[in-house]
Each structure stands twice: as C-alpha cells, then as structure tokens.
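Residues or ranges marked as active site, for sulfotransferase activity in TrEMBL: Lys83. What TrEMBL lists as 3'-phosphoadenylyl sulfate binding site is Lys83, Gly84, Gly85, Thr86, Arg87, Arg164, Ser172, Lys289, Gly290, Arg291, Thr292, His293. Taken from TrEMBL, the feature disulfide bond applies to Cys272-Cys284. Among the features that TrEMBL reports, domain 'Sulfotransferase' is placed at 74-309. Annotation comment: TrEMBL describes 1-18 as signal peptide.
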Amino acid sequence: MLFLWLYMFYSCAGSCAGLAARGSPAPPRAAPPLPPLLPGEPGEESSLEEQRAASDAGSPISSFFNGSGTKRLPQAIIIGVKKGGTRALLEFLRVHPDVRAVGAEPHFFDRNYERGLAWYRDLMPKTLEGQITMEKTPSYFVTKEAPARISSMSKGTKLIVVVRDPVTRAISDYTQTLSKKPDIPTFESLTFKNRTTGLIDTSWSAIQIGIYAKHLENWLLYFPIGQILFVSGERLISDPAGELGRVQDFLGLKRIITDKHFYFNKTKGFPCLKKAEGSSKPHCLGKTKGRTHPDIDQEVVQRLRDFYRPFNMKFYQMTGQDFGWD
C-alpha cells in the first residue's frame, strides 16, 4: 500500500509538471507559514532554521525516511538525590515503552544553563505522541537556582526525588569519593567541625545533601507538593515493583513494569532487571553501585542520627510520608 501511494504521488508530480510546461507558467506559490513553537516549551524562541526543521520533521514522508519522533523538552525530571537510587530508578523506568530518557546526566539546570533550551532539547531522545521524555540529574535538588529555572521552562514539569536514610546516604557518598581519592580524611574527621563538642559540619556536602527539608522548602516556592513524587530508596531495593507502580501512576503511565521484570542479586544486594531496555539479557547496575561501606565509629553514626532527626520529622510532615529512618 505504501509503495502504491508513493507511485501515485510521483506519477501525479510528473503529469502536473508536464501540464505546466505545455501551458502558461504557474504562478509562484506563497511559502507556507512557519509553525508555532512546539507545545510545552513556553518562553523559548527558536530560529528560522529550527522552525523549518521542525516543520520538515513533522511531514509524513520525512518521518518515514528519517525516523519518526520529535525531540522535546522533558515532561518529567528525576531531580535527586545523589546516592539515593536515581540511577536504578531511571534504568527501571526505561523498560517502559512509553518512557524515553537520556542516559547521561545533562546537568543543564546547574552547570550548563547558559547553553540555552535549544541545546538542552537537542540532548533528548526522539519521542512519539504519548511518550514521556525524561532525564535525571541528582544535583538539581540541592542547586538553589534549579527550581526557578525548571519552572521557567515549564511550570507543569513533574519532579521525582529518590530519598534515602540521610546517614546511610552520607556514608555512601563518602565511599564513592574514597574510591576515587583514597587519601582523603576519615569519615569521622570530616563529619565534625569540632569532634570534642560534637558540632556537625553542615558545610560538608555529604552531610548537607541529607537535610532534605531545607532543600524541599526552596522547591515549594515554585512547585506544589503534589507535583513532586518522593520515592523511597530503601523500598526501591526491597520492593522495586511497588515503588515503580507509584512512579508509573504519578507519570500517568499504564502499569507495565511489575514483579516479573525483576530478580534479586544476592551478590550485589539489590534488584536487577531480567531484561534491560533493548536487550534480552539480564542487567544489573555497574560495579560502581553497591560498594561495601567502610566501618564507621558507631558513636559518630549515632551523633548523625540525632542531628538529622528533627530535619527528618519536618520532611515527613512536608511530604506526608514516614520513611522510617528513625
């Protein structure tokens, strides 16, 4: 049917050209009006070339020969937190046929904002109608400028935050740094401004990131709480299908990712996919995930738990969820 349609198209084109040659010259046709900005991208000005490219990309013939789909700004972003389980969540979500996501972290709203929305959009994968474009950059959650910048892009952007026991998260953060810089000071010495007085050093990023309530206050200046989903990093390990069910509901997706997609890897200590996106083989996160944590002085761990407790309680109240970290 397709080849028949193409044959008729080119036959008509040839005969019309012949008629024009035998008769008076056809008057020049006015150029079609340029299309409006793509939906969901308020405030973005595109060049003449970009708009024409968008017009070409939308034609049936170019879609057939060049591959269908359009690059769109993300409708959902995993904004945090570092060492909370964001990579696992993204890899799990990419199994869904209606989710298209960037693999690498774009760091647009914290490090590359001056490059502009056109640069950011070009990083995105092509999507079809009904599919969701996503990205994840965990440092957005603690970046002061990120909420206003994302709101400026689109006030309707759905936000996902993967949170984890802040003490465990801090130790995991330190473990990652230790693997790259073996000569750094001990966790215990970095935790305190003064070990004798027990004053916690909140300027150390490993500690500062875990004060979730403080960071969330900044986001609530620009987004309603109902537009932010809080995923438990602990439940993402113990019940991945349950947490993915909540995420799929939040994104308005059919619950396709279920228990059948996961198996528990006892060696790594976390769930893996039976089949990854675009593969028929099982897939676990890389060797940089699930590192063995160093032994930390239990007195220091308890001091940190006492430090985080009031912030955790406030975070539970703000989100309406008890994550059970105490």
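Cβ atoms here come from the backbone N, Cα and C positions, even for glycine.
Bear in mind that TrEMBL entries carry predicted annotations, made automatically and left uncurated.
What you see is a predicted model, and the numbers here were worked out from it, not measured in a lab.
Location within the structure of each feature annotated in TrEMBL.
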residue : record                                     : CB count, 10 Å
Lys83   : active site, for sulfotransferase activity : 23
Gly85   : 3'-phosphoadenylyl sulfate binding site    : 28
Arg87   : 3'-phosphoadenylyl sulfate binding site    : 19
Ser172  : 3'-phosphoadenylyl sulfate binding site    : 21
Cys272  : disulfide bond                             : 20
Cys284  : disulfide bond                             : 18
Thr292  : 3'-phosphoadenylyl sulfate binding site    : 7
### Query
What average pLDDT does the predicted model assign to the domain 'Sulfotransferase' (74-309)?
94
### Message
Distance check, please: Cα of Cys272 (disulfide bond) against Cα of Ser172 (3'-phosphoadenylyl sulfate binding site), rounded to an integer number of angstrom.
### Response
19
#### Entry: Cys284 (disulfide bond) versus Thr292 (3'-phosphoadenylyl sulfate binding site) - Cα distance in angstrom
16
